[in-house]
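**Student:** Quick paste of what Swiss-Prot says about this protein:
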type	residues	note
BINDING	115, 121, 153, 157	[4Fe-4S] cluster 1 binding site
BINDING	157	siroheme binding site
BINDING	180, 183, 186, 222	[4Fe-4S] cluster 2 binding site
BINDING	190, 212, 215, 218	[4Fe-4S] cluster 3 binding site
DOMAIN	171-200	domain '4Fe-4S ferredoxin-type 1'
DOMAIN	203-232	domain '4Fe-4S ferredoxin-type 2'
């Protein structure tokens, strides 16, 4: 049996994706930060085996997707998703959900992607998992498109630079000169892994402060703990990164050394900027396209309106987009010429 259904509305409202198989869709579940209680995997398995085709897809946005859902089974699947909504959205992320058996409420604000952060990774400066969960209620449920990626250090393993909103954990360093033995380990690490802003002078490490990106490689390399991260969790914000057929580009630096409170205020204003640029209609466009449409100065004024910046914060005066060869393809010639 097959039924007629507006799959576009089902996608926008309940996270169902159209399948090339007639009469079928794929449901995906939100996992902010990509970490979930292990027992919820059995819930996903049961959905896949009971109503799907027995398979689970690990999506590029750290979600679990179950293909092969028949249209007539959508209500049953929505009800079966209750543990995900209750344990992740409500209990872990503090999202207000009135009916946990009605399925997901929107797809606009995409699942927040994150690396494992400093709960696991020694290179990470910040707690990406915690931030992902605290930001979830600001991006979901919303009909307006926003792709967010959070990483714990400038290594950017999860590709925050390719997201509408890329959030990168950075750290201010504390240097205790009396502990420095002049071994040069930090200088070598910074030169090899980072930006080369350290040098040895009179047997002690010195830093060119303006060049430091706050990655923390010096902290990992120092055998005497002369370099240590300051306890404040700070972030860098990049905007406008995207893949896509229409002018793919790497995101540009917008804010540096900002606090979590600043990021929360910025996200609220990002959605207001989207609404203004789209005339109140949640049309699918990347943030970079909207910045192009409105201009950076207009964007900056709207997004920073009412935001209380912390003393360390830095703001990009302008952003310059340099398109790559993906559009013109002027460097390509027929083979053999």
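Every residue gets a Cβ built from N, Cα and C, even glycine.
For each listed feature, how buried is it and what is near it?
**Tutor:** Sequence-distant neighbours of residue 115 ([4Fe-4S] cluster 1 binding site) (same chain, 6+ apart, CB under 8 A from its CB) are 121, 124, 128, 150, 151, 152, 157, 158.
Cβ neighbour count for residue 186 ([4Fe-4S] cluster 2 binding site) (all protein chains, 10 Å cutoff from its Cβ): 25.
When Cβ atoms from all protein chains are considered, those within 10 Å of residue 218 ([4Fe-4S] cluster 3 binding site) total 25, not counting its own.
Mapped onto DSSP classes, the domain '4Fe-4S ferredoxin-type 1' (171-200) shows 12 helix, 6 strand, 12 coil.
If you take every residue in the domain '4Fe-4S ferredoxin-type 2' (203-232) and average the pLDDT, you get 97.
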**Student:** How do the residues of the domain '4Fe-4S ferredoxin-type 2' (203-232) split into helix, strand and coil according to DSSP?
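**Tutor:** DSSP composition of the domain '4Fe-4S ferredoxin-type 2' (203-232): 8 helix, 7 strand, 15 coil.
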**Student:** Given the binding-site residues 157, 215, 222, which one has the fewest other C-beta atoms within 10 angstroms of its C-beta?
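**Tutor:** Result for the binding-site residues 157, 215, 222: minimum number of other Cβ atoms within 10 Å at 157.
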**Student:** Quick check: of the binding-site residues listed here (153, 190, 212, 215), which one has the Cα closest to that of residue 222 ([4Fe-4S] cluster 2 binding site)?
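**Tutor:** Answer for the nearest of the binding-site residues: 190.
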**Student:** Cα within 10 Å of residue 215 ([4Fe-4S] cluster 3 binding site) is the criterion; apply it to the binding-site residues 180, 183, 186 and give the hits in sequence order.
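**Tutor:** Final answer: none.
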**Student:** At a 10 Å cut-off from the C-beta of residue 180 ([4Fe-4S] cluster 2 binding site), count the other C-beta atoms across all protein chains.
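**Tutor:** I get 18 for this one.
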**Student:** So which of the binding-site residues is most packed in, judged by how many other Cβ atoms lie within 10 Å of its Cβ, out of 121, 153, 212?
**Tutor:** 153
**Student:** Report the member of 183, 190 (the binding-site residues) whose C-beta atom has the most other C-beta atoms within 10 angstroms.
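**Tutor:** Neighbour-count leader: 190.
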